[in-house]
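Sequence annotations record features per position, and here TrEMBL assigns transmembrane segment to B:34-54, B:66-86, B:92-112, B:119-145, B:151-177, B:189-211, B:241-259, B:279-308, B:320-337.
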């Protein structure tokens with residue numbers, strides 16, 4: 001490291017922060033190799049790449065989480081080496097990560113001043129705190145109430161408070177790691193307004209996202225990383241979306257969404273006037289060989305319908321039929337026996353067992369298949385579970401590794417693996433591609449295609465409208481717990497579907 | 001398929017499930033061993049060598065048999081504790097279970113008709129083991145069905161069981177057991193090894209098979225690791241919890257019977273040290289208090305470590321109090337090292353380990 005430090009730091013004139021020849025290895029494996037990028041003031045610079053391409057490692061180095069093995073970070077002409085997130089912030093590098101880390105029980109003002117409360121006479125000066133918080137929020141052009149509790153804020157508002165918090169002090173660089181991953185469109189707009197304000201102030205903004213649509217809206221230049229190396233940095237107007245996918249994945253765009261032939265068979269899943277928590281009189285059906293979408297706003301009740309079908313919440317009235325059999329009550333275990341499998345949206349809390357290997361996670365639902373009077377045939381289990389993981393292209397391909405060692409997309413593949421250990425008739429996907437990069441996303445879609453072609457019924461619950469429009473044969477829109485519309489054929493397009501999201505049933509105007 | 005593999009190979013260094021080569025050297029080997037077993041094997045080796053050098057009697061045959069006998073009781077208790085810990089629960093009632101099992105065993109044997117010692121012994125053992133099942137069922141139902149914290153439940157049942165034992169025996173040891181009991185199950189040698197050690201081997205193998213080769217074992221790990229996820233993956237959570245915890249308490253009762261045979265007396269105060277000692281043994285052995293992981297060999301090595309430490313220090317006449325201090329310090333050391341180990345294990349990016357054997361012909365295309 002010293003040898004590098006003595007080199008004269010070189011930085012493109014005018015750049016706020018630059019990395020030159022940055023290299024970082026984990027256990028001998030390169031996560032970043034010889035990466036050189038300049039980030040300019042007043043510019044939103046998009047970092048783009050699949051999970052595991054090195055984006056997180058790069059911002060980790062900038063934010064003081066990782067120490068580089070080679071190369072330099074130069075901040076306004078000075079070589080720096082952030083040793084902790086705190087140190088990075090003192091240097092003027094602010095980072096906001098995907099998951100908001102506010103204390104839910106505290107107010108916005110308390111969160112904003114946490115750890116540096118203004119004091120007077122040894123006590124917290126509440127008035128000064130309120131003022132400091134209001135100022136921090138005003139600075140980024142937000143009108144969030146400093147007295148509100150963090151738990152009452154929307155995800156977007158929490159993100160904005162996070163940004164306000166990280167920008168206190170003299171920030172020159174702001175790193176945003178997938179800030180919109182869990183936001184609705186409207187919330188995204190709110191966030192973008194704030195980002196735009198900061199950009200005008202001349203802050204260099206480093207923005208990570210997987211969403212193609214956002215890149216052009218917000219970014220000026222883009223750097224594409226693949227397998228730890230910088231593939232290209234260029235202004236966004238110089239590349240097309242197809243170029244970007246090609247640069248990122250190293251393969252031609254074979255269209256993200258596969259064409260799935262529509263050969264509907266008999267009805268596999270049928271709901272008739274189903275009532276449950278947040279679900280009011282829902283009718284829907286999914287046939288074999290069909291991919292059916294269930295879309296709507298977050299909180300519309302579409303996720304709840306999926307949970308009802310899998311026995312995760314109670315059906316209060318109405319009928320659920322699986323292959324013609326009554327399935328109103330019963331546990332997930334019974335549903336699995338009836339041929340239904342559900343892939344939860346929250347793979348961390350509901351999907352994965354983090355203390356067990358990828359292989360054991362996959363085989364968990366099918367142990368009885370390999371067991372004879374309770375004893376598992378481990379050779380067969382290993383062979384078949386690993387074949388499933390290979391088929392889903394788990395990367396890196398080590399089935400003995402713990403789920404934590406995989407990226408989001410690959411963790412999702414582990415969860416999906418459960419559906420491939422044995423034939424299930426009905427597959428219910430709840431937001432299968434949130435926090436998943438484009439490469440893994442294509443692989444997940446391919447898996448859905450394979451399932452449908454093999455004659456399974458697929459119910460795809462998703463807030464990602466392009467995904468729904470391009471992948472499914474039919475789509476239901478859910479609003480306020482009811483089916484607000486059903487679309488297929490030429491009606492299945494964003495312009496027709498989107499307005500239905502906002503259907504209101506209650507007399508009082510929805511808030 | 002051909003084109004697909006080709007594009008994959010073109011994309012980068014890691015196609016699915018094919019071994020790329022991480023740098024392989026002694027350092028990595030040690031690292032892998034450390035990640036798998038923690039610091040305990042090393043501590044055991046250091047301990048044995050040190051005591052053997054300082055006090056030659058430590059490796060005499062008499063002492064080895066002595067250690068083998070002592071480790072049998074704690075070893076089984078530690079494995080029983082492990083069954084609870086894997087499901088993310090504590091068992092603080094194993095001491096009480098041992099005590100009540102001992103008193104029950106002795107009382108039944110003494111009260112049974114003396115003309116048929118075999119029948120008396122059989123009845124005594126069955127009654128004692130039944131106690132284990134009862135305690136286990138009470139624990140498990142309260143924990144699994146009523147969702148009461150296992151810490152409080154087992155603390156409660158442990159106290160209650162000890163109380164019942166004391167009440168039952170009127171606070172005095174129960175003596176006058178059939179001599180055959182102690183002769184056959186306490187001091188006898190089976191194939192040259194002490195009977196209790198023979199039982200330990202059985203329990204060890206049984207627990208190993210249970211946890212690694214049966215559905216129940218896998219499901220127990222899964223439930224302990226993430227109960228919600230296990231439920232959604234179709235595991236019958238309550239049944240798993242109950243089965244595993246009942247087995248744990250059953251093993252505690254078994255130890256009660258074994259100790260009763262060894263000392264030829266039923267006593268209500270023989271288990272007091274077990275709740276804490278078994279947790280220490282399990283934790284030193286790498287069994288996570290957070291549930292979902294742990295190896296039987298770890299529980300056994302943890303128990304062996306505690307027994308060897310006490311035994312060795314007894315031989316070189318270290319005061320009991322000093323022994324406690326040292327044991328406490330080593331426990332904390334082991335926990336600290338374990339944190340490092342967990343961190344490495346959890347944060348390390350997955351790599352294709354060399355043990356991975358390719359199952360397809362991908363190998364040629366992957367450079």
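Every residue gets a Cβ built from N, Cα and C, even glycine.
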Residues of the parent chain within Cβ reach of the transmembrane segment (B:320-337), under 8 Å, 6 or more residues beyond its termini: 38-40, 43, 280, 283-284, 306, 309-310, 313-314
Contact yes or no, the transmembrane segment (B:92-112) and the transmembrane segment (B:279-308), 3+ Cβ pairs under 8 Å, gap 6+: no
Contact set, same chain, for the transmembrane segment (B:279-308): CB under 8 Å, 6 or more residues outside the stretch: 37-38, 40-41, 43-44, 47-48, 51, 67, 70-71, 74-75, 77-79, 81-82, 85-90, 200, 204, 207-208, 211, 221-226, 327, 330-331, 334-335, 338, 341-342
Leading stretch by Cβ pairs under 8 Å, where the reference is the transmembrane segment (B:119-145) and the options are B:66-86, B:151-177, B:241-259: B:241-259
Sequence-remote partners of the transmembrane segment (B:66-86) [C-beta within less than 8 Å, at least six residues beyond its ends]: 94, 98, 150, 154, 193-194, 196-197, 199-200, 203-204, 207, 211, 220-221, 224, 244-245, 247-252, 254-255, 258-259, 262, 274, 277-279, 281-282, 285, 287-289, 291-294, 296, 298-300, 302-304, 306-308, 310-311
